[in-house]
Amino acid sequence: MENNKSWNANDRRFKIANREALIGVGLAIFNFIWWYSFAYGLGSKPVEEYTYVFGLPAWFFYSCVVGLLVVIILVIIIVKFFLVEVSFDDDDSDEKDGRGRP
Amino acid sequence: MNPTVLISLFVFIAIIFIVGLWSSRNVNRKESTFLQEYFLGSRELGGFILAMTMVATYGSASSFLGGPGAAYTQGLGWVLLAMSQVATGYFVLLILGKKFAIMARRYDAITLTDFLRKRYNSKAVVILSAISIIIFLFSAMTAQWVGGAWLIESLTGLSYTSALFVFAIAVLIYVIIGGFRAVVITDTIQGVVMVVGTLIILVGTIIAGGGISNIMNDLVTENPNLITPFGHDGGLTPAYVSSFWILVGVGVVALPQVAVRAMSYKNAKAMHRSLIVGTIVVGFIMLGMHLIGVFARPILPGIEVADQVMPLITLEVLPPWLAGIVLAAPLAAIMSTVDSLLLLVSSAVVKDVYLNYVKPDATMRRVKQVSFGVTAVLGVLVFGLALSPPDLLIWLNLFAFGGLEAAFIWPLIFGLYWQRANKSGALASMVAGVASYILIHNFWPHPFGMHSVVLPVVLSFFAFVIGTYVTDRSRGKQQASF
């Protein structure tokens, strides 16, 4: 399948796509670190020393409940401010390429 | 058996039929793009539907039956493990993202194998991937049918064979008539049922247990380990739990049933909306479902079969009419998984094998007949296997996720983001991934305390890079044709 556009360099949409994939990797790493450090940082103590938030052990509350809320907020921020709308079809890509840059 | 449960079950199946018939009108109307429509819904999914179909396909029986059961046994440590799945909500769409959407359209790809075929131009890659899909997903599907029939059996009191029959008829007619579009629309209904069901059961369970603090006290009294991150006997080590981030978190990008959805959406707006909706929904369902499993322990102590925790707690804490409606959700989850797997396996046979190598010049009419025929034959085959499931299939089902990830993750990711990636790298990676996964799974189950999927994913990475560089040097710079 021959195509005039070269792989990466000339299609601005691919630069956008690459950047967004890196954002995804970054978010997953952040998510993992948050999840891991609260769970094993606070959860490795003896059970008698546990503190509780809303009835749940603090390690669980911060790692899983707050962690989920933080990730949801980050996803919303990323979608609203960092993702760019592009066309997926090759035909009209030039026409739509110029718009939507943050 | 409680008649209320039966009524909601049949109402639910009736709704599915109506949706299937309604969406099938699209398949008949757009004769020229039958393949695109039947297997991909003409790439027209909106954001909300995309999010729901991703969650429902992935969520399946494991989260509604197996997951809460494991949480019941292991305590909060299993909820922690399950939360690694939140990553799927955003990771799949951000990683495959716009690049995959653009390339899939450019290649006119309908399946993951289509994409790999056009990207690497290699018969071996195509055949290897079609075989992996057919074997792994066929087995995964059979085990899901067993689960679905078991659930109908426990809800209605029918015998296993009759229950399997009811389940099979419903699934088959539905998939054959409706295709991808019908499947994703029911996925959406089922996703909503799952979210609302989770919320209702969670609140009901907390009330029945006398509040969260009370439940935690009961758990500590029974076994303090239940509220630690380490499982009921301290067996959930940080390394093991963390390795689930690969198996059920980020590795999910490489599952064909998930990847195919990432090429089916309409535009960037749909993808953006789906990122938000998907993350919220998958996070809420995973947290809620598994917490229900843990909270159920003091209320219903001593359940022997862990998979029964969810139905039993629902019947315990909710009034019968509400329990009947909510219990439609696990059935919904299993059905939607089966529907999409069936469609995927039949697309692997029709599109990847039949159209590529058997009869490339088949007419549209012929392709349509073959698609329906293959889907029906596959359904009958699965039914036959599910009647008396061999042990091997159950084993293959557990194995299917890891195997598919080890096979596809790097050919897909490098295929998208590394220009020099070539077919030798892809082949080396698939062979190394699948072979090492089979070996490690059988002979060295938890290398370094991690799940057996981790090492094969690492090995197939290096196999890809080495395979690409070695052939790149000897044959000069390969000019790819994309």
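Here the Cβ of each residue, glycine as well, is placed from N, Cα and C on the backbone.
The transmembrane segment feature in TrEMBL is assigned to B:6-24 (among others).
If you look up TrEMBL, you'll see B:45-65 (among others) marked as transmembrane segment.
If you look up TrEMBL, you'll see B:77-96 (among others) marked as transmembrane segment. When Cβ-Cβ distances below 8 Å are used as the criterion, the transmembrane segment (B:77-96) is approached by residues 54-55, 58, 63, 67, 70-71, 228-232, 236, 241-242, 244-245, 248-250, 252-253, 258-259, 262, 271, 274-275, 278-283, 286-287, 289-291, 293-294, 412-413, 416 of the same chain, each at least six residues removed from its ends.
Per TrEMBL, transmembrane segment is recorded for B:125-146 (among others).
The feature transmembrane segment is assigned by TrEMBL to B:158-180 (among others).
Taken from TrEMBL, the feature transmembrane segment covers B:192-216 (among others). Outside the transmembrane segment (B:192-216) by six or more residues, the chain places 52, 55-56, 59, 64, 227, 281, 284-285, 288-289, 291-292, 295-296, 298-299, 310, 313-314, 316-318, 322, 325-326, 328-329, 332-333 with a CB less than 8 A from a CB of the stretch.
Residues 58, 74, 77-78, 80-81, 84-88, 91-92, 95-96, 229-230, 401-402, 404-405, 407-409, 412-413, 446, 448-451, 453-454, 457 of the same chain lie 6 or more positions beyond the ends of the transmembrane segment (B:236-255) yet place their CB under 8 Å from a CB of it. If you look up TrEMBL, you'll see B:236-255 (among others) marked as transmembrane segment.
Positions annotated as transmembrane segment by TrEMBL: B:275-300 (among others). Here the transmembrane segment (B:275-300) has Cβ contacts under 8 Å with residues 47-48, 50-52, 54-55, 58-59, 63-64, 67-72, 75-76, 78-79, 82-83, 85-86, 88-90, 93-94, 191, 194-195, 198-199, 201-202, 205-206, 208-209, 212, 215, 218-219, 222, 226, 309-310, 312-313, 316-317 of the same chain, all six or more residues outside its ends.
The transmembrane segment feature in TrEMBL is assigned to B:320-350 (among others).
Residues annotated as transmembrane segment in TrEMBL: B:370-388 (among others). Residues 34-35, 38, 138, 141-142, 145-146, 149, 161, 164-165, 168, 171-172, 175-176, 342-343, 345-346, 349-350, 354, 362 of the same chain lie 6+ residues outside the transmembrane segment (B:370-388) yet bring a C-beta within less than 8 angstroms of a C-beta in it.
Cβ atoms under 8 Å from those of the transmembrane segment (B:394-418) belong to residues 95-96, 99-100, 103, 112, 115-116, 119-120, 125, 128-129, 132-133, 135-137, 139-140, 142-144, 246-248, 251-256, 259, 425-426, 429-430, 433-434, 436-438, 441, 451-453, 456-457, 460-461, 463-464, 468 of the same chain, restricted to positions at least 6 beyond its ends. According to TrEMBL, the feature transmembrane segment maps to B:394-418 (among others).
Remote same-chain partners of the transmembrane segment (B:425-444), defined as residues 6 or more beyond its termini with a Cβ less than 8 Å from a stretch Cβ, comprise 116, 120, 122, 124-125, 128-129, 132, 399, 402-403, 406-411, 414-415, 452-453, 455-457, 459-468, 471. The transmembrane segment feature in TrEMBL is assigned to B:425-444 (among others).
Among residues of the same chain six or more beyond the transmembrane segment (B:125-146), those with a C-beta under 8 A of the stretch's C-beta atoms are 60-61, 112-113, 116-117, 164, 167-168, 171, 256-257, 334, 337-338, 341-342, 344-345, 348-349, 352-353, 356, 378, 381-383, 385-386, 389, 392-394, 396-397, 399-401, 403-404, 407-408, 411, 423, 426-427, 430-431, 434. The list of residues near the transmembrane segment (B:320-350) in space but at least 6 beyond its ends in sequence, with Cβ under 8 angstroms from a Cβ of it, reads 2, 4-9, 12, 16, 39, 53, 56-57, 59-61, 63-65, 110-111, 113, 130, 133-134, 137-138, 140-141, 144-145, 147-148, 151-152, 155, 167, 170-171, 174-175, 179-180, 183, 186-187, 189-190, 193-194, 196-197, 200-201, 256-257, 260, 310-311, 314, 367, 370-371, 374-375, 378-379, 382.
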